[in-house]
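Visitor: For reference, the structure I am asking about is given below.
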Amino acid sequence: MELFYYMVFGALAAVVAALELSKSNKDRINTSSAFNSFKNNYLLVYSLMMGRSFEVIVYVGLDPSFLCSSAESDPIFAGDWLQGPYVYYLYSTYGFGKGEIGQLFIAGFGSSMLFGTIVGSLADKQGRKRACVTYCITYILSCITKHSPQYKVLMIGRVLGGIATSLLFSAFESWLVAEHFKRGFDQQWLSLTFSKAIFLGNGLVAILSGLFGNLLVDSLNLGPVSPFDAAAIFLAIGMAVILSSWTENYGDPSENKDLLTQFKGAAVAIASDEKIALLGAIQSLFEGSMYTFVFLWTPALSPNDEEIPHGFIFATFMLASMLGSSIAARLLARNSLRVESYMQIVFVISSASLLLPILTNFLVVTPTVKGGGISFAGCFQLLGFCTFEACVGIFWPSIMKMRSQYIPEEARSTIMNFFRIPLNIFVCIVLYNVNAFPITVMFGMCSIFLFMASVLQRRLAAIAEKPKTQEWTMLKEKDADDEELDAA
C-alpha cells in the first residue's frame, strides 16, 4: 500500500487523539451520574444498531471491478450507506446483473420513502420503544432473506430494510429526546449524547466492524452472507437491552387520531413553522449530497482503474468523521456558540471540498494509462473527501441538536420521516440516472446543494430566536377543541 494512505490515516488519527486528550473544562459538560448511566445505556444500544452495518462498510477483499471498472462504465450501487458493498457482492454471487441489483437498491430507498412516514407516525402513537424493537425484528428478517438466491425473496428483504432504515433514523432519536427531558436532564447534556453517538457509532464502531466483517469473509472464509448473520446477532443483543432497560414514551397520546390526521398535523407544522421547514430542506440537501458522494468516491479516485485500497480508504473516511464529531462536541459544549451559526461555515467548507474533482479535472492532467497507483489528482481529491467526511461528522450531532429544539415532541418521528421523503426521491433518481451525467456534473450538483444549505442555514440562524409561529399554536388549540367536541 502506498505511503500516502498511511500518512493521511496517521495524521487524522493523531489529530483525533490530540483533540480527545486535550479537552479542558470549557470543552466538557459537567453532568450527573444518573445522566451518565442513561447516556451509556443509549450509546451501547446505538453502537449495536450501527454495528449491524459492518456488512455495509467492508470494502477489503472485494474485486475492485465490483465497485467500478471505470468512470464511464456502469458503477456498482455500492454506495448504499446502510447496506453497502457486501450486499452487492452477495447479489452478484447469486448471479444477478447490475440492472437487477440496481432495482433492488432502488427498492430499498423507495420502501423507506413510501413506508417511512407511516412507521414514524406509528412510533409517535404506539410508542418509540416499541418502534425500536420493531426495527430490530424487521432488520433481522431482512438479514435472513440474504440466505435465499430467489430474486423475490431478496426484494422482500430490501423492502424490509427500507422500513427498518426509516425507524433507525427517527424512532431512536425520538425516544432519546423524549426520555432525556422526561427524566429532567439539562438540555445541553443532550448534545453530549449526540456527539458521542456519532463518534462511537458512526466512527469507531464502523472501523472495528469493517475489520470484523473482513475477518469473517476473508480470513475465516465463511462467505459473503456471514456478515448478515453476525449483524442479526448484534441486533438481537441490542433488542434484549432495549426490552430490559428502556421505558416507553409516546408522541401524540390522543386515542382518536388516525394516521391521516397525524400526517396532516405534521404537514401543517412544517408549513406553518419556517424553522421546521428550513431544517427539513437543509437536512435533505446535505444528506442527498452525502449519499451521492458515497456513490461517486470510488470512480473519482480511480477513473482509470487505479488500484486503490477501498477498505483502508473507507476506514480513513470514518476516522475523518470521528474528527468531525470530536470538533462538534467542543462546539456544542460552548453555550456562547450557536449551532445555527457555525453550521453555515461547515456547509460552505463541505461545498468547497466537493468542488475538488471538478478543479482537478481542469487543472491537473489525468493519466491515460490504465491501472497503477493513485494519481496526484486522486491524492488531492482524497484530502478533499476527508474534509467532507469531517463535515459529515460535525453535521450529524449538530442537526440532531437542532431537531431536538425545533421539532414538536408530539409529532417528532412523523416529521423526521417527512424530511426523508425528498431525500429518498433524490437518491432513487440518482441511482436510476447515475450514468446519464459525467462525474464532474454530479459533484457540481452536490456542491451547489451544499451551498444552498448554507444559505438556508443563514436564514434559520436569523429567525432562530423567534418563537414558534402562531399558526402552529392555533393548530394545537384547534385539535384540542375538536377532541372536546368529539368527546361531547
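Every residue, even glycine, has its Cβ placed from backbone N, Cα and C.
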Visitor: Which stretch, out of 101-123, 446-468, is listed as transmembrane segment by TrEMBL?
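Guide: From TrEMBL, the annotated transmembrane segment range turns out to be 101-123.
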Visitor: Residues sitting near the transmembrane segment (372-396): Cβ under 8 Å, six or more positions beyond its termini, same chain?
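Guide: Sequence-remote neighbours of the transmembrane segment (372-396) are 2, 4, 8, 12, 194, 198-199, 202-203, 286, 290, 293, 297, 300-302, 304, 306-308, 313, 316-318, 320-328, 331, 343, 346-347, 349-350, 353-354, 356-357, 360-361, 364, 366.
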Visitor: Are the transmembrane segment (197-216) and the transmembrane segment (345-366) close, by which I mean at least 3 Cβ pairs under 8 Å that are 6+ residues apart in sequence?
Guide: no
Visitor: I'm a bit unsure how to read this: which one of 6-22, 228-246, 312-333, 345-366, 417-433 has the highest number of Cβ pairs shorter than 8 Å with the transmembrane segment (155-177)?
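Guide: Out of the listed stretches, 417-433 contacts the transmembrane segment (155-177) most.
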Visitor: Contact between the transmembrane segment (312-333) and the transmembrane segment (101-123) is defined here as three or more C-beta pairs under 8 Å separated by at least 6 residues; is that satisfied?
Guide: no
